[in-house]
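Engineer: As annotated by TrEMBL, transmembrane segment applies to A:12-31, A:43-65, A:72-90, A:96-115, A:179-200, A:230-249, A:269-292, A:304-328.
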Amino acid sequence: MDMPYAVTTRTSASAIALILGLSVLALLFAAPAFVSRGLIQDLFFILTMLVLAQFWNLLAGYGGLVSVGQQAFVGIGAYALYGSVILGGADPVSALLLSGAAALVLAVPTAFFAFRLHGAYFAIGTWVIAEVARLIIAQWHAVAGGTGTSLPRDALREMMLVSWVQDTLGVRASAARDILAYWLALALAVATIAVIYWLLRSKRGLALAAVRDNTEAAKSVGVDAGRMKWLVFLTASFGTGIAGGLIYLQKARISPDAAFSVTDWTAYVIFIVVIGGLGTIEGPILGVLVFFALQSLLADFGTWYLMALGLAGIAVMLFAPRGLWGLISERTGLQLFPVQRRLTGGLLAQSNRKET
Amino acid sequence: MLALQNVSKSFGVLKVTDDVTFDVPAGQALGIIGPNGAGKSTLFNLITGNLMSDSGAIVFDGQDVTRTSAMRRCLGGVGRSFQIPQPFEKLTVFENLLVAASHGRSASEAHVTQICAEVLERTGLLPKANAAAGSLSLLERKRLELARAMATGPKLLLLDEIAGGLTEGECQSLVQTIREIHAEGVTIIWIEHVLHALTSVVERLLVLDFGRVIGIGDPARIMESREVKEIYLGAEV
């Protein structure tokens, strides 16, 4: 009897990874009940950097779009939130959606111009557009005054869900705000990874990989390469915008130079992805942990810290171009988020039977 | 099936396709020969839409596709192989076919799994189904080019020097596969330097030199003609 052909993506590690992942998630969710406020703030930083890194990885690692202008979407997302809270009296938590929407609105003209450029020119182009966005926002005196702006105390005090967190955990209002921001960051990180993983496992994910490997050949087998680029760019902008809004919701204070910082929101993010492993979901997760460890260890050394980061980045690029996760998965064959489709059954099953 | 009318293409001052006119009826196999640099691959790129012609018209399956993108022409039924194999290196052989079949046929992955497996069977690539395309040998890469083009479900199949660089035995089995595909009614245009492989399949032969068509017709007659011997074989007659 002939067995039909079937496709599977499951690996032996992926089931274990799922259980392990859910346990870590449960632990992270419960963390505010038993860890210090300082640790919650650190975890918030790690999670938001992870979101930025996942989206940059989607752009560069899967879409081949090496952007150096992602700070534009962090900044615009943050200022959309401040603008709607300060001028429109919006609730800061709900305003996060506006952060995403504002980033999308900026992403359309950015893509329109930047997609005409390729490789290094695309990178420079996105950076220039981000600088232009920063200069324009800095002219918006009502919200983006020269030395910076704070979120109004009233808006923070009456923020959605804060009093509920306060009552449930029995903490003070300021701690409750940090915990709420942390939970939102956790939700955003989980949603980010879920959406990217879902995208990669869909028919579009396969098309994305084909475009990355060989654009001309991809077009010749019916892949709409242009549409794939737009899809990836808009998705990354939306997510980066929400992350930007959330980061500055937690900081409660903003200035154009900080919100549009190329070092904080793009250079560090590139470092995280490169050191962890470009083109994998696992890479940025590992990368952000390494980045945070280095930052905690070397923070006291000022400029030396930045030099150490740079050297570490160069060393990884030279000796492990696929990043730390690349090294690990090469040695062990481990894949926590498998996307490879393997053909089984049919004549393949028969030949296997003959071998055994 | 395919008609080219006065198609021309220049790169700067160099005219690589010069006023080319010919047609291929449905179900026919046409061979294209010509010396290196005659513009054979450029002609292919114009037919597939990887390049746009400067002037003239290209009609495929009753539709004017002169300004249609490569992606749309593939959806319409144009499948191609590349002279230098262009696999999606980081994907597996099966995934190479899967992306071609699901996008080229606008169908879900589940719908085309069986089709991909059948193409792998007939092109002899099934044992390599789950290997990375980047790890394949030259013969396997050539087969993958053919298999990926077949996966898109082409009405017109364009083969660019698919037999080049293969041993005699490898060439024989590849020709056999192509003959089978042709027997099923797929229209084929095939560029090839390995003439005995080409003439064992095609019904008509087209000779290209300096971007111009200098002869088209019955393979035996074309090979005998004086111009072809002079220009293509370089013989003084």
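FYI, residue positions are counted from 1 along the chain as it appears here.
Glycine is no exception: its Cβ is also placed from the backbone N, Cα and C atoms.
Please situate the listed features within the shown structure.
Structural biologist: Long-range neighbours of the transmembrane segment (A:269-292) within the same chain, counting only residues 6 or more positions beyond its ends whose Cβ lies under 8 Å from a Cβ of the stretch, are 42, 45-46, 49-50, 52-54, 56-57, 60-62, 68, 70, 193, 196-197, 200, 212, 309, 312-313, 316-317, 322-326, 328-329, 335-337.
Cβ atoms under 8 Å from those of the transmembrane segment (A:304-328) belong to residues 268, 271, 273-280, 282-283, 286-287, 290-291, 294-295, 298, 334 of the same chain, restricted to positions at least 6 beyond its ends.
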Engineer: Do at least three CB pairs under 8 A connect the transmembrane segment (A:179-200) and the transmembrane segment (A:72-90), leaving out pairs fewer than 6 apart in sequence?
Structural biologist: no
Engineer: For the transmembrane segment (A:96-115), which stretch among A:43-65, A:179-200, A:230-249 has the most Cβ pairs under 8 A?
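Structural biologist: By Cβ pairs under 8 Å, A:230-249 leads among A:43-65, A:179-200, A:230-249.
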Engineer: Within the same chain, where does the transmembrane segment (A:43-65) have neighbours whose Cβ lies under 8 angstroms from its own Cβ atoms, ignoring anything closer than 6 residues to its ends? I mean 6 or more beyond.
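Structural biologist: Residues packing against the transmembrane segment (A:43-65) from afar: 28, 31, 74, 122, 178, 181-182, 185-186, 188-189, 192-193, 196, 199-200, 205, 208-209, 211-212, 228-229, 232-233, 235-236, 239-240, 243, 246-247, 250, 265-266, 268-270, 272-273, 276, 278-281, 283-285, 287-289, 291-292.
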